[in-house]
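J.: What follows is a structure written as structure tokens; I'll ask about it next.
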Amino acid sequence: MSTLKVVSSKLAAEIDKELMGPQIGFTLQQLMELAGFSVAQAVCRQFPLRGKTETEKGKHVFVIAGPGNNGGDGLVCARHLKLFGYNPVVFYPKRSERTEFYKQLVHQLNFFKVPVLSQDEGNWLEYLKPEKTLCIVDAIFGFSFKPPMREPFKGIVEELCKVQNIIPIVSVDVPTGWDVDKGPISQPSINPAVLVSLTVPKPCSSHIRENQTTHYVGGRFIPRDFANKFGFEPFGYESTDQILKL
Ligand SMILES: NC(=O)C1=CN([C@@H]2O[C@H](COP(=O)(O)OP(=O)(O)OC[C@H]3O[C@@H](n4cnc5c(N)ncnc54)[C@H](OP(=O)(O)O)[C@@H]3O)[C@@H](O)[C@H]2O)[C@H](O)CC1
Ligand SMILES: [K+]
């Protein structure tokens, strides 16, 4: 068990800015690849396929991707899950128009034969059935969510809230509907079974349910001296792990 470290949203934004600034020069795509990879590892750690029946192995990991970078993490996660032997299905109701890169992520999912559903494909609710779904990956909104939640996401999150006690939800970085600093301030908002904080947990993570939500940190891309410069010790990841259970 390690000591929980949390940084404010302001500091998290400064860390990102510097990582992607001219001195260090990471691209968003690189960080997103590592972020999505770590979320896929968390799914594997939490829901291992080893020893499971073929029926269990065939269940879907239902990844819901939002319109921003949190959604991008979800698209990357789905690709890695497919390689890890899972059966991901992506619901991508509002596709990012920010860059060509998002289209490429969808092309890659097509290449891996991962279904990507649109909002007009009314059958997405079919996937919210415990007998068909291993877990849901909530990659709708991350640290840039500002309430109130607009459609189509409000309706989607309301449906997720109906099933979250029977199908476990894995939230990426910030549970959808939560303010990055203040936590679950808006209705509807997700109550995850698993939270994967990226780089460093944000203040909202102190609102997760004790003994009910499993908390991982992922997005392993910070060397010690850089972490120290921002006032925290790096996390004690083991070996080649991309996640650490807190
Ligand atoms: N270093 C890292 O930790 C990395 C983290 N990454 C991930 O990126 C997200 C933050 O991504 P960002 O694109 O800044 O924001 P979000 O994905 O959280 O959300 C922005 C989109 O959401 C829309 N939005 C916001 N509020 C609402 C609302 N109330 N209703 C509907 N839609 C909303 C917003 O639309 P606007 O029209 O308002 O602009 C955006 O489309 C972080 O949490 C990590 O998951 C990266 O992968 C890099 C590494
Ligand atoms: K999320």
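Placed from the backbone N, Cα and C atoms, the Cβ positions cover glycine too.
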J.: Look at the (6S)-NADPHX binding annotation in Swiss-Prot, where Asn69, Asn70, Gly71, Gly72, Asp73, Gly142, Phe143, Ser144, Phe145, Lys146, Pro147, Pro148 are given, and name the residue from Asp120, Asp173 listed for that site too.
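T.: Record source Swiss-Prot; matching candidate: Asp173.
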J.: Less than 6 Å between Cβ and the nearest atom of ligand 2 is the rule; apply it to the binding-site residues Asp73, Phe145, Pro147.
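T.: Near ligand 2: none of them.
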J.: Would you identify the secondary structure of Asp73 ((6S)-NADPHX binding site) according to DSSP, in three states?
T.: helix
J.: Reported as an integer number of Å, what is the Cα distance between Asn69 ((6S)-NADPHX binding site) and Asp138 (K(+) binding site)?
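T.: The Cα atom of Asn69 ((6S)-NADPHX binding site) is 13 Å away from the Cα atom of Asp138 (K(+) binding site).
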J.: From the binding-site residues listed here (Asn70, Asp138, Thr176), select those whose CB sits under 6 A from an atom of ligand 1.
T.: Asn70
